[in-house]
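As given in TrEMBL:
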| type | residues | note |
| --- | --- | --- |
| COMPBIAS | 210-235 | compositional bias 'Basic and acidic residues' |
| DOMAIN | 99-345 | domain 'Glycoside hydrolase family 31 N-terminal' |
| DOMAIN | 402-734 | domain 'Glycoside hydrolase family 31 TIM barrel' |
| DOMAIN | 742-830 | domain 'Glycosyl hydrolase family 31 C-terminal' |
| DOMAIN | 849-892 | domain 'DUF5110' |
| REGION | 210-236 | region 'Disordered' |
| SIGNAL | 1-31 | signal peptide |
Amino acid sequence: MAVMSRATSSRWAKLLLLVAALCCLVYPAVSVKHENFKTCDQSGFCKRNRAYADSAAASSSSWVSPYVLDSASVTFSKGQLSGTILKTVTTSDRPVRLPITISFFESGSVRVTIDEEKRQKGEIELRHGSKARKERYNEAEKWAIVGGTKLSSGAAAAQDAQPGTSKIMYGLGTKFEAIISHSPFGIEFKRDGELHIKLNDRGLLNVEHWRPKIDKPQEEKKEGEDDNTEPKALTEDESTWWDEAFGGNTDTKPRGPESVALDVTFPGYEHVFGVPEHTGPLSLRQTRGGDGNFNDPYRLYNADVFEYEMNSPMTLYGAIPFMQAHKKDSTVGIFWLNAAETWIDIVKSKSSANPLSLGIGSHTDTQTHWFSESGLLDIFVFLGPTPQDVVSSFSELTGYSQLPQQFAIAHHQCRWNYVTDEDVKDVDRKFDKSQIPYDVIWLDIEYTDGKKYFTWDPLTFPNPIGMQKQLDDHERKLVAIIDPHIKNEGGYSVVDELKSKDLATHNKDGNIYEGWCWPGSSYWVDCFSPAARKWWGQLFQYAKFKGSAHNLWLWNDMNEPSVFNGPETTMPKDNLHHGNWEHRDVHNLNGLTLVNATFEGLVSRNKEEEKAGGVRPFVLTRSFYAGSQRMGAMWTGDNQANWEHLEASLPMILSLGVSGFPFAGADVGGFFGNPSRELLTRWYQAGAFYPFFRAHAHIDTRRREPYLLPDLERGIVTQALRLRYALLPAWYTAFHAASKTGAPIVQPMYYAHPGDEKGFAIDDQMYLGSTGLLVKPVTKEGASSVDMYLPDNEKYFDYSDYTSYSGPGHVKIEAPLDRIPLLMRGGHIVPRRDRPRRSSGLMRFDPFTLVVVLGNDGKAEGEVYLDDGESYDYEQGAYIHRKFTFSGATSSLASEDVGIKGKKTSQYLQQMKDVQVEKIVIVNAPSSWKSKTEVDVSEEGTTSSGSSKKAGFGFISGEAGKADWAVVRKPGVSIGGGWKISFA
Ligand SMILES: *[C@@H]1O[C@H](CO)[C@@H](O)[C@H](O)[C@H]1NC(C)=O
């Protein structure tokens, strides 16, 4: 939930009420309060770095970057190049020494880290008696990086480097090269001899070195005096070096200016993707003005942005500073490891390889410019060549997304608020009565006793255990919100411990930091502290969090952190965290640390769970950083019940998916405002294809649980929900793939078809994993059809009636209200479970349907992954992972084991042995099967004896425009077994 909403206690809340009331006058035509958030011009270091870029551009050819790698300092050994960059400040001063390391990893990724010697050694003076650390923040890696940093043994310095350069060959088969120019410093990265990434190509590298504050006599400036009368080129704008005021708060900046910046050029690349979280197109826009471009850089400074706007580079709740550049058949990427406020400028420039070639060979370069307020300059470079290679390298570093419990990928019902435990039970019963499946019901802040987390309101939730018991009867779960702000109220044990153990975030003076949030006056747990995380984690034990049961899971909101009376609705940057790091340094990691503590606490909440090896936690977070994907799901925060927000949810989710955080969703129905029936219906149809699928609504909205809809819409929404449940095996398989390879769960066109240029900018249709299911949710009011883009000449079939479409190009798909434009691409096999159930837990032993969609070449393949959907037993082999292949040549379908056996494999297989494939549908069946009435089925172990059995077969000729299809009834094979069905 965002800031400006109805709260019920404290004077502060009354003020908010007034503001909220004023807002309501214009409701629902609401919009973000720009004045609450900085533009680049209002952010000192952003303005300075842009000005630096402008002066570089203005002096173009005469511009020389003042950063030189001291050739004498360069050493290379064991996959690592080290040296010192010298920054010339003035001709008279000694140059500033900036140690640099360039690490070449076994994985083929490269890391370039630049520090500052004086700060590193603590040879600086802090102002205002600050206790802050003197070093540049060097612990972001502790949170974000979990693997992939084994130094390469094969990386080698090439002997043929030009004078004044170093050249390192690396990567598998040493097909990658890094050419490091010493003066000025810069790096070119090549793959197979071709240039893909240039660092400091435009000379915008900037490390604002430490300097003492020199108090100059105040120069008087006369009214109306023109600033431009004197040449300013060499003077720096010092106005925000030593302190910076915004919105009534002053940041004291005890370390002075300390930003880091670098330009990164992608020659020949027209598209860049990533750097969530923003609204706007998946293919990022240019940011330096002009038609259709943004005027401000993309900003990453996690914030609770109330009523955020569409199509904007403004910051939102989370930050992943990872970018991919893509062109036909090539993808490369970078990861800017920095947790401070960060901005990214993007400019695309047309250039021509040969000016005489008249367009031939002309191409677009994408030039990016990254700047962060403080910390190390730390950048990782990935050379691809496929989108999957880049995402997978990034995921290897920052961790793969969690394999969630199965319920977590089913349908969630949330609202601010279900007001009593009886209300929850009543909603639960109504879902059942209407036969609408759902797995999880959620409690927003009102369940607590006066916004004191880990308590229940004794009047409205007198029997939480009874409530959770009713949910558990149908394998349903409860998710409760717990935020990081702890109410400052005497006698509340959580705050008493927080204070007595000194585990809260401190202000700049080193005292406990106090601010305002939902409970009124609050303190913030400092999860950068190991002791605080340990303490926070144990609060979730059943014995501590009274009234919580094993089917209760967690929602961490407001973890940017949101502070109602703080600058930009968050903490002052000069606050101090564990280790005396300034909040400035760690801001974008703050949300991740809370989720980490919650996650670790939930793995086991009593001795029994601990002994069993723990349970997979479920935690939803609003704020995130690179690495948060290891711990659960995110959602896109407080959206609005309008068509624009529905439309925007797709590129947002796709962007997260290609940035390593695929478990993403948007509030179905829109958080603020009341959706029309049509909008709500369309939103459920889209939500059925969000990896994280939760309906949610603001406290001032009308109830909108799907059973409240009139018959028509209720039926349609129920269909969409059943579709989600039927496809859960496909979803779970996609989640499994994401947890192993980082592959997005829903995939944009460029990702699935990296050679198809027409698809690169498309962000309103997507594939579900590698299933070949291509969906384009309707996001326009009154639409009765959509134009879907087919990327290749494969055949595509309507999911429900097998209408056949051929690409490449656009096709019109009818989409009356009761239809989701959903196609099946030829060549794939999709696992389903078709029995409607109340919750996914009740489907555990349900039989499977396989849908085989034959491609142009008469082949198809697909897979299924399943396990118990809750424990960590899969880590010991307790899972089924089968690959299905339909061979055109032999006209047969086979199931093959692609899992790895472990201690618990046979036990799990035994448990699942009666779970069968009950039906196989073959779409685009060859007409030669027309007269067939049965097929041969052989199971593993019985083939040699020739004891195959028969299964019933039927062939259905498609009417005009529809594919022929066939069905195998009750083949009698197990989902976990090896078998082959012959259609010959
Ligand atoms: C949480 O953080 C700790 C300390 O950095 C780390 O050891 C642990 O692996 C993290 N947990 C997850 C799930 O990433």
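Each Cβ is built from the backbone N, Cα and C atoms, and glycine gets one as well.
Only pairs six or more apart in sequence are counted, and the domain 'DUF5110' (849-892) with the domain 'Glycoside hydrolase family 31 N-terminal' (99-345) gives fewer than three Cβ pairs under 8 Å, not enough to call it a contact. In the predicted model, the domain 'Glycoside hydrolase family 31 TIM barrel' (402-734) has a mean pLDDT of 98. Note: the domain 'Glycosyl hydrolase family 31 C-terminal' (742-830) comprises 7 helix, 35 strand, 47 coil (DSSP; helix = H, G, I, strand = E, B). In terms of DSSP helix, strand and coil, the domain 'DUF5110' (849-892) has 4 helix, 24 strand, 16 coil.
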